[in-house]
Amino acid sequence: MSLPVDVPAEQDAAVLHEQQAAPLARRVVAQARVEMRTVLRNGEQLVITLVLPVLLLVGLTRTSLVDLGTEDRIGLVAPGVLALAVMSTAFTSQAIATGFDRRNGVLRLLATTPLGRRGLLTGKVLGIAGIQLLQMAVLVAVSLALGWSPAIAGVPGALLVVVLGTAAFTSLALLVAGTLRAEAVLAVANLLWVLLLAGGAVLLPASLLPAPLAEVAVLLPSGALGEALRTVLTEGAVPLVPVAVLTAWTVLLGGAAVRLFRWH
Amino acid sequence: MPATTPASTGEPAVRVDGLTKRYRRVEAVRGLDLVAPRGRITALLGPNGAGKTTTVECCEGLRRPDTGTVRVLGLDPVRDAPALRPRVGVMLQDGGLPSTVPALEALRHVSRMYARPRDVSELAERLGLGSFARTPVRRLSGGQRQRLALATAVVGRPTVVFLDEPSAGLDPQARLAVWQLVRDLRADGVSVVVTTHQMAEAEALADHVVVVDHGQAIASGTVDSLVGGDGSMHVSVQPLAPHRAEPADAELARHLTDALGRSGHEHSVTTSSLAGTLEVHGPPGPELVHAVTGWARDQELLITSLTTGRRTLEDVFLDLTGRSLR
């Protein structure tokens, strides 16, 4: 049996904190890097975040299997694929990752380290942003190679819409991941992705959907994101209605996630 | 940041007063008190569902107490979390490491949260993590996962460490390695709080044991003070005459207490019987053995085996609750 040794408890707690925790930026960046590597290492995640969007981009542009009602196929498809990529990364991929991390105690363990709960969430958001930068770079490059000529004046507006869409879908991801069991998160995240892809006006414009669905779809976060990106990247001006819809969803879903998210 | 900080090193590592915590209809912790001294290993010993995990989760700042106070190094785990987190190491019962990340990378990741972490390679070697360093966490065996989780708990050079069932699912060799690391932590002056439902673990490791049952601490002290001077004796008997009934243990207890009293050893003896084996609790001296064998002769019982030994924590738990710990 050994004697208790002196512990520097007289020191101010704040001083100890600074002595022993890594700086905030380093903690958050470390978390963001792990989040990004987890996506890039995982085959299924790569399919949904990169492979599938590229296939859709090429397939819908180079074949006429789907009647898009326009000659400028790439002008319509490229913004839609960007919107889909935002939805895949911020929602489906993030919901599944967070749902399983929650079940496996990862969220709780990291919350006991100097990273803390806020650092963990910030790291996740930065990780999503990093993945999206990568996605955008690849998808924009492929689109340009396929002959896309977006409205340059619309680029800043498009970035704003992407940020807003990411906020709305990340909130939805955390809401689902923080309230349901991991298996249910997996099912809901994949199902919603398929349903919104088919009828949510994210990839293809609402005008191509049957009448009642078309009116509903533009009010969904998927439709608002898709319509906003299509408009701003072809006409150069930010459309107010879809942006307002997206903002409303962000507030609603973000508020619900903050209230209902359970760490255990 | 708190305005006040612990005034002296006299502050225990952990102090819990009147803690209660309820989950919907289940009252997990019901007025639990606990003190874990500095620089010592404290075991929370109790059966599954006794409230041990909830108690340490309140200490780790993962759950808010319904009522009562929890202080770790004199600080509130929820309010003072930023100050405490760098000083507290945690090993959760269910792991808590990302399942797709390779083992060593997960450890390295957690180490990046601290300003002066332990050397990851050295720690990995010490706990034998090298053989599965590149294996994703989800493919590790139970024992490998436990060792990795333990490494994660200590990588930040914590002052206090909470280990929830650290040797659950470990083979004997791995368990010894874990125990050695826990003792090394103590030698470095770290305060350790470990939950366990295994008496052997508490007896082997702990300087201080808190017995927990039904959400309350029902006894605490050093292993020696809890076990006391009493010992136990196991006696297997077999009736010589077939018509005789099973021996009544209450009758035996009275007989033994009287017999000890006549020979000048005032001591209460308790007994219990199970399928022909009598368990006798009392001072395990020659007088008690003599009294038991004399009683067996009078009752026409053949003693088929007789062992004496020190009391165990299991005996203490049985005495306190009337139930077996296992």
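Cβ atoms are placed via backbone N, Cα and C, with glycine included.
Unlike curated records, TrEMBL annotations are generated automatically.
Annotated in TrEMBL:
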type	residues	note
DOMAIN	A:37-264	domain 'ABC transmembrane type-2'
TRANSMEM	A:46-65	transmembrane segment
TRANSMEM	A:77-100	transmembrane segment
TRANSMEM	A:121-146	transmembrane segment
TRANSMEM	A:152-177	transmembrane segment
TRANSMEM	A:184-204	transmembrane segment
TRANSMEM	A:240-261	transmembrane segment
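Touching of the transmembrane segment (A:152-177) and the transmembrane segment (A:77-100) is concluded from the presence of at least three CB pairs under 8 A, sequence neighbours closer than 6 excluded.
Tertiary proximity for the transmembrane segment (A:46-65) is limited to same-chain residues at least six positions away from its ends with a CB under 8 Å from its CB atoms, namely 39-40, 73-74, 77-78, 81, 84-85, 88-89, 92-93, 131, 134-135, 138-139, 142-143, 146, 193, 203. Here the transmembrane segment (A:77-100) does not touch the transmembrane segment (A:240-261). Their Cβ atoms form fewer than 3 pairs under 8 Å, with each pair 6 or more residues apart. A Cβ distance under 8 Å defines the sequence-distant neighbours of the transmembrane segment (A:184-204), meaning residues of its chain 6+ beyond its ends; these are 48, 56, 60, 66, 68, 76-77, 80-81, 83-84, 87-88, 91-92, 95-96, 98-100, 173, 176-177, 213-214, 217-218, 220, 222-223, 225-227.
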